[in-house]
Amino acid sequence: MGLGHLASRALLRSSRLGASKPSHHLLRRTVVSTPELHNSEAAAAEAQPEPDLPKRTPVAGARVHFPNPDDAIEVFVDGYPVKIPKGMTVLQACEVAGVDIPRFCYHDRLSIAGNCRMCLVEVEKSPKPVASCAMPALPGMKIKTDTPIAKKAREGVMEFLLMNHPLDCPICDQGGECDLQDQSMAFGSDRGRFTETKRSVVDKNLGPLVKTVMTRCIQCTRCVRFATEIAGVQDLGVLGRGSGEEIGTYVENLMTSELSGNVIDICPVGALTSKPFAFKARNWELKGTESIDVSDAVGSNIRIDSRGPEVMRILPRLNEDINEEWISDKTRFFYDGLKRQRLNDPMIRGADGRFKTVSWRDALAVVAEVIHQVKPEEIVGVAGKLSDAESMMALKDFLNKMGSNNIWCEGNGPNPNADLRSGYIMNTSISGLEKADAFLLVGTQPRVEAAMVNARIRKTVRATNAKVGYVGPSADFNYDHEHLGTGPEALTELAEGRHPFYSTLSNAKNPVIIIGAGIFGRDDKDAILAVTEKIAKNINAVRPDWNGLNVLLLNAAQAASLDLGLVPESEKSIESAKFVYLMGADDENVDKLPEDAFVVYQGHHGDKGVYRANVILPASAFSEKEGTYANTEGCAQTTVPAVPTVGDARDDWKIIRALSEVAGVNLPYDSLGAIRARIGTVAPNLLQVEEREPAVFSSVSLRPDVKGTIGKAPFGSVVENFYMTDAISRASKIMAQCSALLLKK
């Protein structure tokens, strides 16, 4: 029976019904011709006044920067007009409009892959949904994120992603902070239709830090792109295709990058998780405390997650000026050293050479008695590399009151130059390195000395093809560089313009010279600094709008110690010292000390300094106290207590304050506010927390002429073992495993 025949029968039936039952309502069809409808767009504009849409806030407080206001384009997201710079993607436009688009493969700091298809949106005049992360926004584009088509597309993609994903959320360490869980709840279907056998993948061994459960992997390739682009290692790749596609190492080797732990953060599922943290705690059981890292001089922003008295893990915090959103493996995993080899109680070495536990009153009384029996010039104080500004200020004031001015911070060398701040900080700033177009690295290996500074240099080299010249021992860099020599002779050639690399530096618009803090320990350091400053002058690296002469410090305490003027009066004071106060100083060479010298060790770990100590005073670690640290660019930041102190330990400055009272030379402060007011009189820049105070004067124009000559000795490696550089990392079991497995023999 044809459709036409069916239609005619239906019409006939309706006409009969109408005849048998007269209706009072006549159904009329009128045809009206209006000229306005011929111009439909004009009519629509008149008929629909512009809606009064509420102001939307961008996702996660995103801010839009317009390099050129003329390049701004307007797009419409769910009817809401938004202005964005030309070149932005549809996904970024949606974020500016306050619409959060689901995604798995897209990451702000990685290249666009466009392979998870979770970010599908509907675009007007497009025949099918488009991947918003890979589609550039065009002027006047009308984007719809909440239509039935977009919802259906996301449901379909999520169903495919979950097809082979195991149902092991209860035993997965990512549970509670898993993108797949969250987006499955928000955008997925309420049921799956897959009834076949799920595929499984063999787990890979990436080393002691990253645990793999590759059956959970959804092939977003974030880890592959991170390893290649940010970490600069070719360790991870994609093997196979279709249902046989998997992430792995090309040959059976470990992931050796110093930034490898960051793949744990960027993995959106539980495929890559922290091996030391496995099955230890759930994220909702943890208390997060925002603090800073003290394992190097960068001062990376971190979040310390703790449960009760124990630090469970350390995660990065976003800070565009310092560490972006990455941290080094040492920063992330050395936390287990905070509970090992800790000093709990004050101790005094007895006549038999053994330590015995005593009260604080007795320990301080012994120290005060001995210090009064020693001549002022025989008193020496050494601040450790993890010391905060408050404790160094207290130590300096105390020893000054005792008549001694022989106090310094380890790592600064016997005769540091603390007159001009520009002579010991990173003047360009860490984020400012991105503007450079040529680098000269002098006696420094940023990859092991300051991993986040190295990541910034690599980012610049990738983005602008900046040239890098390096003077020092052979080293493993993760970007293209030119090895100019191993010793200071190469610097002399550059200063005289004879070296081939000189033309690269002189032609650069914003050249950068980075001097390693390792030269502080050399006898010819002043001559090396003078030659380097001559190079900077010749290539115009220091000018009013750009200061490209930098020093890369090694330790968290160095910048603040030089700001506070911790400079010894005598270079060889330790050889004649009779009383030595080691405040967390473990790497200071105490072999030159006289046999009868009295050594006080104040610190939080039983490390190298303890073996020579006569009295031990237990102090709190950086995770247990509030303290100010200045990083290598001169930015002051504060740590915040995350866990309680161990045993009978006290804050460093409180111990010195109590000792001053017992010794009869009261320090004039007994609170953190009062000691910071005292710091403000010496180094006011240390009170401007999270603000970088640039150096006012340049050392290039003000440093006096140096008479000494440059030595022939080549530059040495300052950091022998990246994973063990201080008392906390040396006590860490995880760092010991890394040293054994990852360091090249």
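Note that Cβ sites are derived from N, Cα and C of the backbone, with glycine treated the same way.
Annotation source TrEMBL lists region 'Disordered' at 40-62.
TrEMBL lists 71-149 with the feature domain '2Fe-2S ferredoxin-type'.
Among the features that TrEMBL reports, domain '4Fe-4S His(Cys)3-ligated-type' is placed at 149-188. Residues 102, 104, 116-118, 120-122, 129, 194, 198-200, 211, 213, 215-216, 218, 243, 267-270, 273-274, 277-279, 282-284 of the same chain, all 6+ positions outside the domain '4Fe-4S His(Cys)3-ligated-type' (149-188), place their C-beta atoms under 8 angstroms from a C-beta of that stretch.
As annotated by TrEMBL, domain '4Fe-4S Mo/W bis-MGD-type' applies to 286-342. Helix, strand and coil residue tallies for the domain '4Fe-4S Mo/W bis-MGD-type' (286-342), in that order: 11 helix, 23 strand, 23 coil [DSSP].
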Discussion item. From the DSSP assignment alone, can you count helix, strand and coil residues within the domain '2Fe-2S ferredoxin-type' (71-149)?
Written reply: 10 helix, 23 strand, 46 coil
